[in-house]
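Below is one structure, written out as structure tokens; comments come after it.
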Amino acid sequence: MMLSDNDIIKEIDSGGLVIEPFNKEFVGPCSYDITLGDEFIVYTDEVYDLKKELNHNKFKIENSIMVCPLCYELDDEKIEYFKNKYGVDVVVKGGLLGTTTEFVELPNDICAQYQGRSSFGRVFLQSHQTAGWIDAGFKGKITLEIVAYDKPVILYKNQRIGQLIFSKTLTPANIGYCDRKGSKYGGQNSVNASLIHKDEI
């Protein structure tokens, strides 16, 4: 059962569902808008070897970041040009990981799905790739997988970037995500790189 605006507010008021910070104006008919945080990760490896821990740079922004498509020609001169002209803190090319401002805590009978806002889709900016599902019992900030496909896009800290859609399960999960053995991302309060190298093969 998908939660409506009334259901979301009731769950927040009862303490079953936690969104911190919570803004009542971000509640949609059956969704909740979440915002872009200030922490990001860019991978530095030549190849993604998924049996090994991936090298990466983690950084914060004060205000804004420019995301350029992978095929975009970008050198130091162009980066400085963009910074000076548009006042962005950082210019990156290719995919990067971001995080939400909000810390979300789901009870064992509510799961969620992340969707990018349609306004971003209309400028060919995708904020998640395959990781839109959030299991019941999860708590933490939501990691975003951000890619620009057409022109460079400027993103701003605290900008509404996506939405969470909540569903109620028929019965509570016996073991929620954060209590499940082998869960990798429970309780995360920051952007985290892939931990797929910890999988048993």
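From the backbone N, Cα and C atoms, a Cβ is placed for every residue, glycine too.
For Arg117, Ser118, Ser119, Phe120, Gly121, Arg122, Asp135, Thr143, Leu144, Glu145, Gln163, Tyr177, Gln188, the entry in Swiss-Prot reads dCTP binding site. Annotated site 'Important for bifunctional activity' per Swiss-Prot: Gly132, Trp133, in sequence order. The feature active site, proton donor/acceptor is assigned by Swiss-Prot to Glu145.
All features noted in Swiss-Prot, drawn onto the structure.
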residue : record                                     : DSSP (3 states)
Arg117  : dCTP binding site                          : coil
Gly132  : site 'Important for bifunctional activity' : coil
Leu144  : dCTP binding site                          : strand
Gln163  : dCTP binding site                          : strand
Gln188  : dCTP binding site                          : coil
Entry from the binding-site residues list Ser119, Gln163, Gln188 having the most other CB atoms no farther than 10 A: Gln163
Asp135 (dCTP binding site), number of other Cβ atoms within 10 Å: 17
Proximal but sequence-remote residues of the same chain as Trp133 (site 'Important for bifunctional activity') (Cβ under 8 Å, at least 6 apart): Cys111, Gln113, Tyr114
Rounded inter-Cα distance in Å - Asp135 (dCTP binding site), the residue listed as 'active site, proton donor/acceptor': 18
Which of Gly121, Gly132, all recorded positions, has a Cβ with the fewest other Cβ atoms inside 10 Å: Gly121
Shortest C-alpha distance to the residue listed as 'active site, proton donor/acceptor' - which of the recorded positions Ser119, Gly121, Gly132, Gln163: Gly132
Same chain, 6+ residues apart, C-beta under 8 Å of the C-beta of Arg117 (dCTP binding site), given in sequence order: Asp33, Arg160, Ile161, Gly162, Gln163
